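What Swiss-Prot annotates here:
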type	residues	note
BINDING	10-15, 78-80, 113-119, His134	FMN binding site
BINDING	Tyr12	NAD(+) binding site
BINDING	Trp98	substrate binding site
DOMAIN	4-190	domain 'Flavodoxin-like'
Amino acid sequence: MAKVLVLYYSAYGHIEQMAEAAAAGAREAGATVDIKRVPDLVPEEVAKSAHFKLDQKAPIATVAELAEYDAIIVGVGTRFGRMASQMANFLDQAGGLWARGALNGKVGGAFTSTATQHGGQEVTLFSIITNLMHFGMVIVGLDYGYGAQMTLDEVTGGSPYGATTITGGDGSRQPSAIELDGARYQGRKIAETAIKLHG
């Protein structure tokens, strides 16, 4: 049975919700799924004053354990058109895995959030996907089999490069049903691909 890791960083809980949806989709495909987060780099007193969501139940991941999974789905919010430094810092530490080819042929995908529709969703997805491709991973996005990403009836995230959500400038907008379903769909597709490739 394929093992899938949903690896995320979420300051305010939006990406945490998307991670849970992606994990649910991967489980629907029959994969064994773990949800883990990367360590925060923000001092706790600063995180508290900024009202970060500090009660996230997912355990902290280690770089070494990435090699144990058949698929890794990476979720992180956008910071000025790129992935947040917490995730970049974590992935930067995977040079040893890269050097050994430990992630070659594994399946990967990405999801993100932005404050606005034009806040850099696709650029952030590319920044994640670029890392995964350097690791030798096979990338699975949010294909147009998920037709709801084509809706014009409401503000919604979504891209063929990965599931996304829009948070609003103050973070008050929570992931919509369409956005969560997109993450679930992508998680299922990634797990299905991992099962085909790795059993």
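Every residue, even glycine, has its Cβ placed from backbone N, Cα and C.
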Cα-Cα distance linking Trp98 (substrate binding site) and Ser10 (FMN binding site), given in Å to the nearest integer: 25
Fewest Cβ neighbours within 10 Å, where candidates are the binding-site residues Ser10, Thr78, Ser113, Thr116: Thr116
Fewest-neighbour residue among binding-site residues, criterion Cβ within 10 Å, set Gly13, Gly119: Gly13
Cα-to-Cα gap, the residue listed as 'substrate binding site' vs Thr78 (FMN binding site), nearest whole Å: 24
